[in-house]
Amino acid sequence: MKPSVLVVNCGSSSLKLALFDERENKLASALAERLGTQDAFARIAGDSETIALPAGANHQQALQTLISTLRERELMPDEPVSIGHRVVHGGETFREAVIIDNHVVEAIKDCAGLAPLHNPVNLSGIEATRALFPDVPQIAVFDTAYHQTLAPRAYLYALPESYYRNWHVRRYGFHGISHFFMANETARRLGKTLETTSIISAHLGNGCSITAIRDGLSVDTSMGLTPLEGLIMGTRSGDIDPGLFDYLGTCGIPEREVYNVLNHRSGLLGISGKTNDMRTLCDLADNGHEPSALAIEIFCFRLAKYVGAMMASLHRLDALVFTGGIGENSSRVRSKTLSHLGLLGFDIDAGLNGHHGRLSDGRIDKADSRFPVLVIPTNEELVIAREAARLAAHC
Ligand code: AMP
């Protein structure tokens, strides 16, 4: 039998599968999108043909279809030796990845109030693969777990303490799987151990967050109780004055609508009035569309302020690292952001930045920059596969 690890990532309306061999090579991947709608479809990576899904197909149906297609095409000839699931919210219960049993399933359900769009679909993925592969160990890897090392000074809000005690209101942080990968990969590239590596990791995709990592542990992060806090994102506002809710209430806009706007119609989309896509925004800005230029300006300024804020948690900085669709690909965002941080001594090389660090070990800093700056593609699937293989070895 070929030992392989299956990674399952259920998003609110999407599903991604990846299959790795024991040498961490990706053997196959597949995805389903627009689940729950009339236009649901699936596809095996590298294949132009789409696979029909019933209208309104849910995550379980998509998963069954994709697994049987992978089997038919002999891309997955044997049962995997373990299955790793991305789970968005582990609350304070999960500080690390765990082998899934009925207690774990109940605990993930208990955290669903904190991530109502995500934990239920993560659970439906878990239930579907448990039914399909009842003898294969299943492992849950949490997006919040890496940030469970934050100290109270970083995770508590300045609210009545009963809010934390009674309703678990605190900062949890997200993108933990990606930030953990960045910490490991930066350590490897700098020739250090994880335990002696201190970095600031900026994950800039459609969702954006930044994390201070001290001696390999997350010590501060920009997302909070929900993924709405912190940096400006594609459609999310990031930090906002909570007084906004009351004020807009007096203007006749209900609280639910404001919350919806902050999540879905703000950020780059809101400021530009055009798009949440950084590539398109850069094109628009180059063609004289001022609101798009302003959106990029505000995005970078907020990010620069957060880089400064993350310094408060570190005793040393081994590197500032960029990842995510924007972090990996936008030289403009990186240089604009760092142009605000000259006082801290960051200095990047325009040529290396233009090549997104791909010509080197990822470094884009000038020789006399006070701190190394790196661009590193994230690989969350690989973290999940590694955790699944590691824990399955104990079964
Ligand atoms: P992700 O959520 O990590 O897939 O990132 C999506 C974001 O990355 C979108 O805003 C894309 O426009 C942005 N992105 C991808 N490629 C580029 C690029 N070459 N230049 C600028 N932004 C990019």
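Keep in mind that glycine also has a Cβ here, set from the backbone N, Cα and C atoms.
Features reported for this protein in TrEMBL:
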ACT_SITE  Asp143  active site, proton donor/acceptor
BINDING   Asn9, Glu380  Mg(2+) binding site
BINDING   Lys16, His203, Leu204, Gly205, Asn206, Gly207, Asp277, Met278, Arg279, Gly325, Ile326, Gly327, Glu328, Asn329  ATP binding site
BINDING   Arg86  substrate binding site
SITE      His175  site 'Transition state stabilizer'
SITE      Arg236  site 'Transition state stabilizer'
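Nearest Cα neighbour of Asp277 (ATP binding site) among the listed recorded positions (Asp143, Arg236, Glu380): Arg236. With a cut-off of 6 Å between Cβ and the nearest atom of ligand 1, the binding-site residues Asn9, Ile326, Glu380 reduce to Ile326. The recorded positions examined here are Lys16, Arg86, Arg236, Arg279; by Cβ neighbour count within 10 Å, the least packed of them is Arg279.
Distance between Cα atoms for the residue listed as 'active site, proton donor/acceptor' and His175 (site 'Transition state stabilizer'): 5 Å, as a whole number. Cβ neighbour count for the residue listed as 'active site, proton donor/acceptor': 26 (other Cβ atoms within 10 Å of its Cβ, all protein chains included). Between the alpha carbons (Cα) of Asn206 (ATP binding site) and Arg236 (site 'Transition state stabilizer') lies a span of roughly 9 Å.
Nearest by CA distance to Glu380 (Mg(2+) binding site), out of the recorded positions His175, Leu204, Glu328, is His175. Counting only the Cα atoms, the space from Leu204 (ATP binding site) to the residue listed as 'substrate binding site' is about 19 angstrom.
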